[in-house]
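Taken straight from TrEMBL:
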- 33-60: region 'Disordered' (REGION)
- 33-44: compositional bias 'Polar residues' (COMPBIAS)
- 45-60: compositional bias 'Basic and acidic residues' (COMPBIAS)
- 67-82: transmembrane segment (TRANSMEM)
- 102-124: transmembrane segment (TRANSMEM)
- 144-169: transmembrane segment (TRANSMEM)
- 175-192: transmembrane segment (TRANSMEM)
- 204-224: transmembrane segment (TRANSMEM)
- 244-264: transmembrane segment (TRANSMEM)
- 285-313: transmembrane segment (TRANSMEM)
- 349-369: transmembrane segment (TRANSMEM)
- 389-408: transmembrane segment (TRANSMEM)
- 414-434: transmembrane segment (TRANSMEM)
- 446-470: transmembrane segment (TRANSMEM)
- 490-512: transmembrane segment (TRANSMEM)
Amino acid sequence: MGSLHQQQGGDVAVIPQSWGGGSNRIAALNVEPDTTTPQSFSDNNSKRFNDKHDGPNHDQKPGWRKFLSFIGPGFLVSLAYLDPGNLETDLQAGASHGYELLWVVLIGLVFALIIQSLAANLGVSTGKHLSELCKAEYPRMVKYCLWILAEIAVIAADIPEVIGTAFGLNILFNIPVWVGVLLTGLSTLLLLGLQRYGVRKLEMLIAVLVFVMAGCFFGEMSYVKPPASGVVKGMFVPKLNGQGATGDAIALLGALVMPHNLFLHSALVLSRKVPNSVQGVNDACRYFLIESGIALFVAFLINVAVVSVSAAVCTADNISSANQKRCNDLNLNSASFLLQNVLGKSSKALYAVALLASGQSSTITGTYAGQFIMQGFLNLKMKKWVRNIMTRCIAITPSLVVSIIGGSQGAGRLIIIASMILSFELPFALIPLLKFSSSSTKMGPYKNSIIIIVISWILGIGIIGINVYYLITSFVDWLIHNDVPKVGNVFIGIIVFPLMAIYIIAVIYLTFRKDIVVTYVEPQKDEAADTQVV
């Protein structure tokens, strides 16, 4: 199964249980449902997403045509690595350390490809997405806690996306930030209306926005002309020189894997028609791996372009003291003024268009992820437009309130808080993914091989450790250097440190709890049947 699966010997029996054995994956075969499994959770309806799934059938097409039918989910997922929060981290890394941290971006996106491939394989192999499997596996209290944390993660991920879009509108049209937040919410709902014409149309729009971003930042690179030797050396020669390099490297890595993205990828792959056979599942997992690799490679190039532009501008010999001051405290908003001063007005406009494309496309995928999370954990049955409005209103409320009260400066600080929340949230999506993708009760013979289990857990623990380290050190640093009276700091410590202990206990519980609910449904083994179409 691509490079991330190894088929295990022996059959796995499907144990009847109350969760139900239905699959959301669209099968290209007319397979009789498992009548021995109660349907209290799933109605065995392949249209449970209430979306039009218009991927082509798997007849005897050439391999490249089959592959083209799988292109789309990876580009939606890649936007988590191109959202305004990541762009701000890239800008700061380039301004502070030149090209020296490009190797962190490279390693981080390799890690991301492995983790995202696990999410895609989970959806293809089980026919269920991650939030549905969490609902099936965990006790009621744990399940609801995971749902609340997942919703908070969507809101936190949405904050830099909404604010980034509002900044882009402010730079282009001088619109107040809070008005930009409202317009972002409205435009996102309109663009999500493309779902009624099928998920492929929405994926095409996202792909266009990704390439708009690429064109804008590569255009910026043509202005500054960063030295090729410096860029290549930064990618392949690891260095952590200079003050704050380790912290900035951790921030770069921590910003790459988003909790809501794991739920999203496992759900998006279910929009493709996959033959319900061993060969069909293997082929689908391989195609999704290749497609994710291509999409993340494009995301990597854009991240490299952002870091390189920032590095070239801020390390120039003739930079003025005013621009150097901006480089020392670079954010999404001030970057436009820096580029205008150094490269001219056209550069500022290119940056604003790229920021607009980044924020708008990311808010679409964030809202999409929120829909799947709500549907999977709660199994809510509601009209699509009602669900869109609900998730959008929940997501933009914090950004709107802060932008009205604090303006652009308050909105910028909110992005930092959002990144800390995402660092806190990551284990509660990543650990279930690692557990389920390595479990025979969920994946059957498609569970990860021993090598992949070891590699994925090392990566997972490393990413979680980096995020927790970033979270704790940021809090302790704030506690030491804030202006709150000592009594206030003591009170904050009394509240926060017990919560940290609860947090660690919860992570340990998710890690070592044994999976008990069997959800794997045996596919057809007659590989010749792959060519039979409904």
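Any Cβ shown, glycine's included, is placed from N, Cα and C.
Please treat TrEMBL annotations as automatic predictions, because they have not gone through curation.
Between the transmembrane segment (67-82) and the stretches 175-192, 244-264, 446-470, it is 244-264 that has the most C-beta pairs under 8 angstroms. Below 8 angstroms of C-beta separation, residues 151, 154-155, 158-159, 162-163, 166-167, 170, 177-178, 180-182, 184-185, 188-189, 333, 363, 366-367, 370-371, 374, 382, 414 of the same chain, each at least six residues beyond the ends of the transmembrane segment (389-408), sit close to that stretch. Same-chain residues lying 6+ beyond the ends of the transmembrane segment (144-169) with a Cβ under 8 Å from its Cβ atoms: 80, 83-85, 87-88, 131, 134, 138, 175, 177-181, 183-185, 258-260, 263, 332-333, 336, 352-353, 355-356, 358-360, 362-363, 366-367, 369-370, 373-374, 377-378, 391, 394-396, 398-399, 403, 408, 411-412, 414-415, 417-419, 421-422, 425, 428-429, 432, 506. Long-range contacts of the transmembrane segment (102-124) within the same chain, counting only residues at least 6 positions beyond its ends with a Cβ under 8 Å from a Cβ of the stretch, are 1-2, 4-5, 25, 73-74, 77, 81, 90, 93, 130, 133, 231, 234-239, 249, 252-253, 256-257, 261-263, 265-270, 274, 281, 284-285, 288-289, 292-293, 296-297, 299-300, 303-304, 307-308, 430, 433-434, 436-437, 442-443, 446, 448, 455-456, 459-460, 462-463. The transmembrane segment (175-192) shares more Cβ pairs under 8 Å with 349-369 than with any other stretch in the list 204-224, 244-264, 285-313, 349-369. Under 8 Å from some Cβ of the transmembrane segment (414-434) lie the Cβ atoms of residues 84-85, 88-89, 115, 118-119, 122, 130, 133-134, 137, 146, 149-150, 152-153, 156-157, 159-160, 163, 251, 254-255, 257-260, 262-263, 266, 331-332, 398-399, 402, 406, 456-457, 460, 463-464, 467-468, 470-471, 474-475, 503, 506-507, 510-511, all in the same chain and six or more residues away from its ends. Among the listed stretches 204-224, 244-264, 349-369, the one sharing the most Cβ pairs under 8 Å with the transmembrane segment (285-313) is 204-224.
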